Amino acid sequence: MSIEYVLVSEGEQDEPIELPTEEDGSLLLSTVTAQFAGASGLKYRAGGRLRGLRLIEDRVSPPPGGWSAHRYFCAFPRASAPAARPRCSDLIVLGLPWKTGEDAVRDYFSSFGELLMVQVKRDTKTGLSKGFGFIKFAEYESQLRALGRRHMIDGRWCDVRIPNSKDGGAAAHRKVFVGRCTESLTADDLREYFGAFGQVTDVFVPRPFRAFSFVTFLDPEVAQSLCGQDHIIKGVSVNISTASPKRDRGSRSQLLGWGLLDGGAPRVYSWPPDAWPAHSQHSGHTTLAPHTPLSAAPDTKPYLKYE
């Protein structure tokens with residue numbers, strides 16, 4: 001069969017280009033895409049309706065009337081619908097100082113991104129602040145950054161949550177518990193080390209020193225990927241586990257005793273409330289022994305381990 005030329009355009013109203021057929025009368029799709037990048041086939045209009053041409057193994061077959069009966073234009077694959085972007089929520093800011101007004105709240109949270117709304121709730125009779133308010137960001141990434149950390153506003157720690165959310169805006173999924181810390185590890189050390197895995201939004205080291213800390217990431221997948229691992233930071237072996245809200249622990253809650261064994265190594269103990277260790281002084285360190293009441297624990301204030 002002799003080679004013929006087929007009139008093909010990108011769109012129905014565009015100027016056509018003549019493309020050569022093969023000896024068997026088919027038109028190679030590669031010949032089409034060489035002129036119209038991204039084309040996946042050809043179509044034509046017959047009787048007011050659009051019709052597509054059969055494509056078999058990269059070869060486009062002519063219509064029943066032959067190539068010369070019509071003019072053809074390219075078919076392109078439909079773009080997949082973009083994933084719906086998460087929408088920003090109204091966020092509640094808890095623990096605001098009584099003196100803090102909307103201007104101060106706006107100034108502080110503007111560092112995270114553009115704000116659409118700032119409101120401090122006040123008593124209708126006295127006009128005094130109720131100690132909480134609401135904010136809303138324009139960008140979801142800004143919301144994530146604000147949810148991933150605690151906030152010091154006018155000298156007081158405040159928390160940001162999604163109202164009526166059981167997990168506090170999934171903040172727990174972005175936070176990890178770092179155990180076996182020593183006093184030589186500073187917040188800057190932890191931020192620098194874990195920053196190599198992903199963006200760190202907050203580092204919390206309790207004072208007085210409690211041999212643990214919390215690190216919060218912007219991406220929850222980064223946080224979860226580190227759980228169950230040991231890491232060496234400045235020569236200190238630390239263990240990473242999930243930081244879950246205490247209310248999720250249920251009947252599995254156990255209290256931690258913190259102390260120093262002989263030799264000065266900080267250790268973590270997990271006993272039920274009726275089996276707290278006693279402590280005595282030995283060689284300048286606290287020595288722990290099992291099966292003593294809670295009142296005999298090294299610290300009068302118990303701490304919960306987050307798992």
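Just so it is clear, glycine is given a Cβ too, placed from its N, Cα and C backbone atoms.
The following features are taken from TrEMBL:
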type: DOMAIN; residues: 89-167; note: domain 'RRM'
type: DOMAIN; residues: 174-245; note: domain 'RRM'
type: REGION; residues: 279-307; note: region 'Disordered'
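Mean pLDDT, taken over the domain 'RRM' (174-245), works out to 87 on the 0 to 100 scale.
With helix defined as DSSP H, G or I and strand as E or B, the domain 'RRM' (89-167) counts 16 helix, 30 strand, 33 coil.
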